Amino acid sequence: MAAQSSLSESVLGWSIFTIILLVILAFCWIYIRKFQSRQESEVVSTITAICALAIALITSALLPVDIFLVSFMKYPNGTYKEWAANNETRGQIEDTVLYGYYTLYSIILFCVFLWIPFVYFYYEERDDNNVNKCSQVKNALKYTIGFTIVCVVLLLIGAFVPLQPPPSQNSTQWDKVQYLFEELGSSHGLPALSFSISSLTLIGMLAVITYTAYGMSVLPLNLIKGTRSVLYERLENTEDIDDVEHQIEKLKSKCKDGRPLSSRDRHNLQELEGKLQVLRRRGRHLEIAERNCCTKVGSALRPFKILLGVFFILVALLFTVALFISNLDKALHSAGISTGFIIFGTNLTNPLNELLLALQPVFPLDYILITVITMYFVLTSMAGIRNMGIWFFWIRLYKIRPKRTRPQALLFLCMILLLIVLHTSYMIYSLAPQYVMYGSQKYLVQMPSPSPGNTTFATTRICDADAPEDQCTVTRSYLFLHKFWFFSTIYYFGNWVFIGAFLIGLVVSCCRGKKSVIEGEVEADDSDLSDDEYVH
């Protein structure tokens, strides 16, 4: 009977995960197809982008499953359910989550260091005539080898960084070598994988600071502000066209008598003709937008967009306050830099952590909320990348635009999202540390009775670091996050930078005016062929 209960509880958790998986795959296909360029699309790059984006979202969905499984092992009164009373049974269930993390994190390493770089360089090396495929593959492999070497180095460093006290100085060299191999095999390669993932998470932290922080401010404010009127934009564009045409005619009138234009006038004429071309293309896009039924539906849904924007900005502010309190708690109550600012439980009242704990009695509200939080970070990251484009320091590499995004840009987008998802787990832990560690678990404590005598009575407490080790199960996500203290230290300071970046982005987004209804669709460096692609 206990075995059947164990199986049913585990199946319930993974059934929810399977449903989320199907939704994620459908979303990824729609998202990539919406943004990819029809002219430059290629089957390999499209499949790679869809799969990489799906892996990013699936990995982010594993955290709620992890919390769900450890929480469902116990009754609300703090006792283990019959099927989870055995330590071995609990270990088997948690091992399924651990293997899930192993699998997904290994796939992420494969994508970031091998698959995506190979497809990217293969497409970059493609000849216009598509003649020599072997040369393309060789050149792509040549560049990909560099990424592979970095991955191998990270795995080796992680594998041979001792996490336990080393042998004494009197030990032989063989004992020391044997100790390193035992250290590697004792946790089935967990340190190697954890070190590599933590290294990528550092890059993900930079992406979170850059894109997610900005997306958390720009997404809600764009919903609240809305877009400019199509009619007003068309009128304004028509006036600009007339003005530019008048300036062009004025310049051309200087050479009616046969005199050549000066170099300065020729330069100005070229600039004006280029500007006129962009304005005319802009006019065509505005005309299409005016006829588009989506524009009319968007206008009808304006009140709903405002409410959604207000909700998103309140959520962003809640996250920022929770992150600030969590960081302040670590600064005041942790053991400092040498321990990675790790604390067990919470000492200051964290609103998000308290909200998750308050929702525990009403199943499954707390799991729905933690899933929403996870997906919120992913969606705001997408919004940030969509609005900013892909940059390398001050150089803009690619733009993310509907129906015109190049395959290389989509691959970059998916790689950035993979890295962001890795850091998202630590961000969520920072927002609700106690809940991410133990979920909704409680344990029994024997307290002395106030009545005379040596009698005691049992009371329940929420699981924390003071709980007996066999009474509370720590999520596997937490174990992955805190394998190396120095990474936790960097993440801690990264959270402060994230808060600052969000506040700066909020000010910038507030100062900016309404977006154009065709924002990002028309750029000076676009070709006329891209307009044909857009129309069709």
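Glycine too: its Cβ is placed from the backbone N, Cα and C atoms.
What TrEMBL annotates here:
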- 12-32: transmembrane segment (TRANSMEM)
- 44-73: transmembrane segment (TRANSMEM)
- 102-123: transmembrane segment (TRANSMEM)
- 143-163: transmembrane segment (TRANSMEM)
- 192-214: transmembrane segment (TRANSMEM)
- 234-289: coiled coil (COILED)
- 306-325: transmembrane segment (TRANSMEM)
- 367-397: transmembrane segment (TRANSMEM)
- 409-429: transmembrane segment (TRANSMEM)
- 484-508: transmembrane segment (TRANSMEM)
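The stretch in 44-73, 102-123, 192-214, 306-325, 484-508 that contributes the largest number of Cβ pairs under 8 Å to the transmembrane segment (409-429) is 44-73. Contact counts against the transmembrane segment (306-325), taken as Cβ pairs under 8 Å, peak for 484-508 among the stretches 12-32, 102-123, 192-214, 367-397, 484-508. Regional average pLDDT for the coiled coil (234-289) in the model is 81.
Within the same chain, the transmembrane segment (484-508) packs against the transmembrane segment (192-214): three or more Cβ pairs sit under 8 Å, each pair at least 6 residues apart. The listed stretches are 12-32, 102-123, 192-214; of these, 192-214 has the most Cβ pairs under 8 Å to the transmembrane segment (367-397).
Away from its own ends, the transmembrane segment (102-123) comes close to residues 42, 44-45, 48, 51-52, 55-56, 58-59, 62, 136-137, 139-141, 143-144, 147-148, 150-151, 193, 196-197, 200, 407-408, 411-412, 414-415, 418-419, 422, 480 of its chain (Cβ-Cβ under 8 Å, at least six residues beyond either end).
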